[in-house]
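Under the heading active site, proton donor, TrEMBL lists His217. Feature annotation from TrEMBL assigns AMP binding site to His217, Asn218, Ala219, Val220, His221, Asp258, Asp367, Gln418. Per TrEMBL, the feature Zn(2+) 1 binding site maps to His221, His257, Asp258, Asp367. The annotation Zn(2+) 2 binding site is assigned in TrEMBL to Asp258. Residues or ranges marked as domain 'PDEase' in TrEMBL: 141-423.
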Amino acid sequence: MEVCYQLPVLPLDRPVPKHVLSRRGAISFSSSSSLFGAPDPRQLSQRRGAISYDSSDQTALYIRMLGDVRVRSRVGFDPEGKGSYSYLCIDFRTLHWTPSPEDSAGPVSGRRLRRLLSFQRYLHSSRLLRGTPHLNPLHILDEDYTGQAKCMLERVATWNFDIFLYDRLTNGNSLVTLTFHLLNQYGLLELFQLDMVKLWRFLVMVQEDYHSLNPYHNAVHAADVTQAMYCYLREPKLAKSLTSCDILLGLLAAATHDLDHPGVNQPFLIKTNHYLAKLYRNSSVLENHHWRSAVGLLRETSLFSHLPAEDGLKMEHQLGSLILATDISRQNEYLGKFRTHLDQDDLYLSNASHRHFILQMALKCADICNPCRPWELSKQWSEKVTEEFFHQGDIEKKHRLEVSPLCDSQSNSMANIQIGTFL
């Protein structure tokens, strides 16, 4: 019998009570300290469920479901004290929500919405609680590596790699199998003594935390970026200079760079006064969330728990530095720095900081490399990103918000969106 723990509704300006954090699964990270705070990662890895990020002026409570325990928090729309709009506390599961027969009986404002960190985990839990079997179960590694999928991996270093076909051949598990294959191919499991079961569980959780209903920012996009990152890592000048740690961080950053992306951009989060925008003070909101979510999964799975604590924290920081570099609002900053290095010819790959900067640039390029693909692949990505933009525009129109640039389906087309567009 499934056990469902009901957590109380907590306002964001109050700390999480100790009796909540003492429950199975509570993890508290303090953003006022160096990274997430003082808790020992080895202790955090033994807990499952609620995650609280505490800052100096507010506390945001995230709920995560893991394993056989379903932890829930019911949160409704609360427009009071959040401006003149009644929809400013938007729960992003409603972006793709389809009403059930039970829900159609009452008005939307009368329903209580559950806020969970991961939309995908919520769906998986709901299916289990309703007794509906998972329609797309993850298979073991040997099954995923048979037949055509295995043959495709022999050409994984080419720019014409069809990630859409590979995702179909792996039954929707392209991110898990591809990333595992690349890490194993570099010998990183043995070199860093990574537990195979922990690594597999980590990758499965990463894949689940991408929103499959996002047309563009989903696990297939993450797998595509990871494959592109691998192509960059194999470039001769980089391949002979990068350390094993550089490669490990580069691949993990690519796999997690858009983790738990809600399918809308940062300006949308800010103008709707979303709790993530408040938490990260309107600065690199999505990228900070992707990074913190990735670190949360690393600690939950204890993937690096066997490493010295100092090394583990350093890797988490460097992972964050790579993911934060994908913030498009800082594009000119990174391009300017890159041009300066090229003009002065002072970029030395023997220097650790310079190698890290090159990894940042490689990840940025991998993130927007769709035009580098063959036309039939590039066109599919253009269609998907256009669909996601227009979906955000429809949400903004529905709530009488100013429609974001490129998001108005009436004044934009797929063709003109691609001109000078960076994601």
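Every residue, even glycine, has its Cβ placed from backbone N, Cα and C.
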Fill in the blank from the handout: For the binding-site residues listed (Asp258, Asp367), most other Cβ atoms within 10 Å of the Cβ sits at Asp258
Practice task
For Asn218 (AMP binding site), list the number of other Cβ atoms lying within 10 Å of its Cβ atom.
Solution key: 23
Completion exercise
Whole-Å Cα distance, Ala219 (AMP binding site) to His257 (Zn(2+) 1 binding site), is 10
Fill in the blank from the handout: Residues near His221 (AMP binding site) by Cβ (under 8 Å) yet at least 6 apart in sequence within the same chain, in sequence order, are Tyr210, Asp258
Exercise for the section: Taking the Cβ of Gln418 (AMP binding site) as the reference point, list residues of the same chain whose Cβ is under 8 angstroms away and which are at least six residues distant in sequence. Expected result: Pro371, Ser382
Completion exercise
Nearest to His257 (Zn(2+) 1 binding site) by C-alpha distance, among the binding-site residues Asn218, Val220, Asp367, is Asp367
Fill in the blank from the handout: Ordered by sequence, the long-range same-chain Cβ contacts of Val220 (AMP binding site) under 8 Å (at least 6 apart) are Ile163, Phe164, Asp167, Ser174, Leu175
Practice task
For His217 (active site, proton donor), write down the residues of its own chain that are at least 6 apart in sequence and whose Cβ falls under 8 Å from its Cβ; none is a fine answer.
Solution key: Tyr210, His211, Asp258, His261, Gly263, Glu388
